[in-house]
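In what follows, a structure is listed as structure tokens, so that the remarks can point back to it.
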Amino acid sequence: MKRRYFGTDGIRGQSNVFPMTPDLAMRVGIAAGTIFRRGNHRHRVVIGKDTRLSGYMLENAMVAGFTAAGLDAFILGPIPTPAVAMLTRSLRADLGVMISASHNPYEDNGIKLFGPDGYKLSDDIEAEIEDLLERDLNAQLAKSDDIGRAKRVDGVHDRYIEHAKRTLPRDVTLQGLRIAIDCANGAAYKVAPAVLWELGAEVVTIGNEPNGTNINLNCGSTSPVALQKKVDEVRADIGIALDGDADRVIIVDENGSIVDGDQLMAVIAESWAESQQLRGNGIVATVMSNLGLERFLDDKGLGLARTKVGDRYVVEHMRQHNYNVGGEQSGHIVLSDYGTTGDGLVAALQILAAVKRTGRTVSEVCRRFEPVPQLLRNVRISGGKPLEDIQVQKAIADAEAELARNGRLVIRPSGTEPLIRVMAEGDDRAQIERIVNELIGTISNVRTAA
């Protein structure tokens, strides 16, 4: 069934434009609150957000919805997404909410929902919420004496700081490291530098002055140029770039080179396998992860299980098959020993542990494999289903046959934007570029004709 509200990572869109309106946010609160209002205990929801201008507006709307449904609302304020997942469990809440559009610009916002176990909701539960959103919600409102209460909770940042610090192995200290960190003017602008400093590092921070409109603006994991310059300027040993809600991370080595999520997963997988911490004899990644990662793991006797794009699908596979390392090339790294969702800071701490234990530089530690040439391009669409066109399907089949075992092809609609994503990778860069350009042309022609 086609979804109207939920995408691959909750509900997302431009603020004050459907579906990201205060009205819908309140209705989501009522609908989700109704579904999780089970049992005779006093029900509660924890609500966090990042630093976007629209965050307070949507926070208030969701508080209204949840309290109207009879849940007490614990308001956390600006805080990372993984902290919301953690606090949902530790505060014994029935539901957790993160108001954020992750790496998107400030004009956008979104709603991510977590169950009482701290995991993102399943497709089935999201479908239940969508079904309720299409109905008259007045019948779901709590009785007058059962309306929930709202309160801001103090000390939540300290809880997360201590949690993050505990994920660094006890035999490791960050003393002697100069770390530059870019907080993307987002949710981790207070907690991330504090964690690194308390663990002994010399910390140089940028992207820690949010004003409501500068989240992810020329900063953070999707725009690491400022961090690269800062690493060079202060001669840092490493740069850490988080995104707006701190659930993803990109590393900059001492030479200013970018280290993506695939390389980070390789480092953690190899390190954890050596220490016998790795479960599942491999890791979980998406179809977008580089073929070079797969070959590296294979050489180490480790496997790579692939899922469709979206960290929630990575996590689902990890849970079903007992893996404890998974993630995405974009920098969503999920370490289930320490959390239920991607955590950029905790992932960075595992890289720092590998650096300290080996005594090698970040560039030496993090260049675990040579990436296979990979090209990703997008085609914007305004409607229709170009991937169902016979010409497009034939072009895809021909490209897959040409690549055979020497490469991979992934073509999929974006879960958050009106785009078709075309990715090809293989050992022959010229071949990859030609294949992608031909497919883009075919899809564009079909789109135009439609």
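Residue numbering: from 1, along the chain as shown.
Glycine is treated like the rest: Cβ placed from N, Cα and C.
Swiss-Prot names Asp243, Asp245, Asp247 for binding Mg(2+). Of Ser54, Ser90, Ser102, Ser414, the residue it gives for the same site is Ser102. For Asp247 (Mg(2+) binding site), the same-chain residues lying six or more positions away in sequence with a CB closer than 8 A to its CB are Pro80, Thr81, Pro82, Ser102, Asp311, His332, Thr341, Gly342, Asp343, Gly344. For Asp245 (Mg(2+) binding site), the same-chain residues 6+ apart in sequence whose C-beta sits under 8 angstroms from its C-beta are Asp50, Pro80, Thr81, Met98, Ser100, Ser102, Gly186, Ala187. One way to see the shell of the Mg(2+) site is to take the Cβ centroid of Ser102, Asp243, Asp245, Asp247; the remaining same-chain residues with a Cβ within 8 Å of it are Asp50, Pro80, Thr81, Ser100, His103, Gly186, Ala187, Leu242, Gly244, Ala246, Arg248, Gly342, Gly344. Within the same chain, the residues at least 6 positions away from Asp243 (Mg(2+) binding site) whose Cβ sits under 8 Å from its Cβ are Ser102, His103, Ala184, Gly186, Asn216, Gly220, Ser221, Thr222, Val249, Gly331, Gly344, listed in sequence order.
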